[in-house]
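These come from Swiss-Prot:
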- 77, 102, 129, 130, 131, 132, 133, 134, 135, 136, 137, 198: 5-phospho-alpha-D-ribose 1-diphosphate binding site (BINDING)
- 192, 197, 198, 199: uracil binding site (BINDING)
């Protein structure tokens, strides 16, 4: 399943991020805020346990808590820019990291870094990456994460190319994908158009 989150605030913030004149600090701030809006939607179906609590007024009141732990896994490096937006909503979430690069001969993603919390098998996992281009990195990230048997896996991104979205859903139809915008296509250089440019460079001001 994939869902395009259609909301005026998302469209406004995404437009600011797309503009070539947007400086790194503004890009990062809007990415963080946009991620909050995206994750609010992506977590609507999380399971809850009913609990009993005491309020200032009554001793026995009904409350709720998340049934499973939450684990955030940003894909390095651009995915790091989305973490704080989620942590502000789910401060108890643990964080793992996956680093992938593309082999220039085979064009396939290769893992160069991986560090996961010990509780990942007890967690609902949310993968974070601003861009879904060819889909190769996301598919490989899911391949790696599935070996740890998490409760569920969701993927949250900002912009996606149709080619990448189709590939992810073909290989991992059980992973729900949440996007702010489905863009037109990949250009001859593999960039999403109209896209955001190189999200990592724009987040960290490295170009």
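Using the three backbone atoms N, Cα and C, a Cβ is placed for every residue, glycine included.
Features per Swiss-Prot, on structure.
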residue : record                                              : DSSP class
77      : 5-phospho-alpha-D-ribose 1-diphosphate binding site : coil
129     : 5-phospho-alpha-D-ribose 1-diphosphate binding site : coil
135     : 5-phospho-alpha-D-ribose 1-diphosphate binding site : coil
192     : uracil binding site                                 : strand
197     : uracil binding site                                 : coil
Spatial neighbour of residue 135 (5-phospho-alpha-D-ribose 1-diphosphate binding site) that is closest, considering only the binding-site residues 192, 197, 198, 199 and their CA atoms: 192
Extra residues within 8 Å (Cβ to Cβ centroid of 192, 197, 198, 199), uracil: 130, 131, 191, 195, 196, 200, 201, 202
In the chain carrying residue 137 (5-phospho-alpha-D-ribose 1-diphosphate binding site), residues 6 or more apart in sequence that have Cβ under 8 angstroms from it: 75, 100, 102, 109, 129
Spatial separation of residue 131 (5-phospho-alpha-D-ribose 1-diphosphate binding site) from residue 197 (uracil binding site) - C-alpha basis, Å: 10
Inter-residue Cα distance where the pair is residue 199 (uracil binding site) and residue 77 (5-phospho-alpha-D-ribose 1-diphosphate binding site), in Å: 9
Distance [Cα-Cα, Å, rounded] between residue 199 (uracil binding site) and residue 131 (5-phospho-alpha-D-ribose 1-diphosphate binding site): 7
